[in-house]
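Peer 1: This structure is in structure tokens; I'll ask about it shortly.
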């Protein structure tokens, strides 16, 4: 798809002098022209040389390389972001392969754990339970009036690291950075939010540097009433905003999604975004093998909201390929810490009940135990696909992977848990245990694997392939809701850009250098589906593409003109 770069018009702004230099969205640093320095009272406040953004980015890249640890690199990049956002995004886009793991997973996990220690400057909105009666005032304090995308967390389930309290703010900040870097959504349109409802992390409560509300987490009615107050305040201030729920605990994630998805344009990336990118990956892998997803047998390790969300979207896709719902569900097997989910299991969660296997259908299985372990399931199902969303390291053992490979010559193994310390098995081990025959996709980034004189590229099943395009598509089309069909169209579009499908070799997912192209294509597919579903005003394909082009922000400086407040 051709990328059209819109001409940048001059920007009229009222700020000048040091105030302008302290405004990250407007600051150009040494790139202010001589005329701008005169007009905005900047003469003498900057070094003599006027630099281009590429010259600035080259200096920043040299400085970045001087940092030895990933967390120090993260802190450095966040400092640039809080000083000069345009430069930050130009730098990140120039080095996306290198910097995406630093600004988001896996490094963002450490940044969340150390949030209060490494805190430098305010970004986003912190809404504590103590301030619940000031919700409208808090949102009125947001300086950017035209907010189009909000990412909100309550910090309770940050990646695989658990309760990080307000340290969870690192996730919305990082996520929105990818909305801009990958999806071209202007940073001026984005807002990270953390709902500070306390923390049950005793280490944080005992930490003298912890900056959040020092109180155990509120629960039950108090919690849901507080979240509802936030949603209503958002609807009042920005009625057309896209709201993304991020890293809420399993007990709250699905109820909140179900409660609000038809009230405000919203989605949960952990459930729906992860499902969409996983399904897109599996569609591509199946096509590359000359088959369809509906022909595969799939085993999950992890039956939480994320795992069940992926499973439901796989079932929906296989139904689109011709299976009945019953046949589709019989091909998906969910294993959690209590074993295979069956209809005789007590205390199932509501979203798990449709994903059980009937115990009567398992009587012929080769197992002496009442609890059917992952190994039992792999041995009896003989799956083609194994997906890990358990958040527990090392659970894909050599015995399990070799048992899978015994019955499947080209297994697809996807250890998706984040961060890397929580991955079910490393790509290196999976490749070795399958004699180089496995197709591996992970949730966190891994280097290519060298095994027996051959290099195996490892695809990262990164939600960043999906959610930036969804956001751009929603903004461009004016969609009022995000439907399951819109998510499915994103998966289908992602699969079309697989190098393995297009060329018969290479990664199952596109290279990161192509992610803006993929995001624009997903935006078009999502916007078109929104129109077909009646949640966006119908336009021509040309008009939709023009809206995408016009909303696609470029990390380039604009000329400034002085105006009064």
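Each residue, glycine too, has its Cβ placed from N, Cα and C.
Pasting the feature list from Swiss-Prot:
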type	residues	note
ACT_SITE	104	active site, proton donor
ACT_SITE	175	active site, proton acceptor
BINDING	157, 270, 418	NAD(+) binding site
BINDING	246, 247, 270	divalent metal cation binding site
SITE	270	site 'Important for activity'
Peer 1: Per DSSP, to which secondary structure element type does residue 270 (NAD(+) binding site) belong, with helix, strand and coil as the options?
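Peer 2: Residue 270 (NAD(+) binding site) sits in a helix per DSSP.
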Peer 1: Excluding 157, 270, 418, please set out which residues of the same chain place their CB within 8 Å of the center of the CB atoms of the NAD(+) site, keeping sequence order.
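Peer 2: Once 157, 270, 418 are set aside, the remaining close residues are 158, 159, 160, 247, 306, 391.
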Peer 1: Going by C-alpha positions, which of the recorded positions (104, 157, 247, 270, 418) is nearest the residue listed as 'active site, proton acceptor'?
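Peer 2: Among 104, 157, 247, 270, 418, 104.
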Peer 1: Taking the Cβ of residue 157 (NAD(+) binding site) as reference, which residues of that chain separated by at least 6 in sequence fall under 8 Å from it?
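Peer 2: Listed in sequence order, they are 163, 247, 248, 249, 250, 253.
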Peer 1: With H, G and I counted as helix, E and B as strand and the rest as coil, say where DSSP puts residue 418 (NAD(+) binding site).
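Peer 2: Coil, per DSSP.
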Peer 1: Report the largest Cα to Cα distance, in Å and rounded to a whole number, among the residues 157, 270, 418 that the record lists as binding NAD(+).
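Peer 2: The two farthest binding residues have Cα atoms 11 Å apart.
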Peer 1: Relative to the mean position of the Cβ atoms of 246, 247, 270, the recorded divalent metal cation site, which additional same-chain residues have Cβ within 8 Å?
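Peer 2: So the additional residues around the site are 153, 157, 158, 171, 245, 248, 253, 268, 269.
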Peer 1: Write out the long-range same-chain contacts of residue 104 (active site, proton donor), meaning residues 6 or more apart in sequence whose Cβ is under 8 Å from its Cβ.
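Peer 2: Same-chain residues close to residue 104 (active site, proton donor) (Cβ under 8 Å, separated by 6 or more) are 174, 175, 177, 178, 464.
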Peer 1: What does DSSP assign the residue listed as 'active site, proton acceptor', in three states?
Peer 2: helix
Peer 1: Using a Cβ-Cβ cut-off under 8 angstroms and a sequence gap of six or more, which residues of the chain neighbour residue 418 (NAD(+) binding site)?
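Peer 2: In sequence order, the residues whose Cβ lies under 8 Å from that of residue 418 (NAD(+) binding site) (at least 6 apart) are 105, 106, 109, 159, 160, 443, 444.
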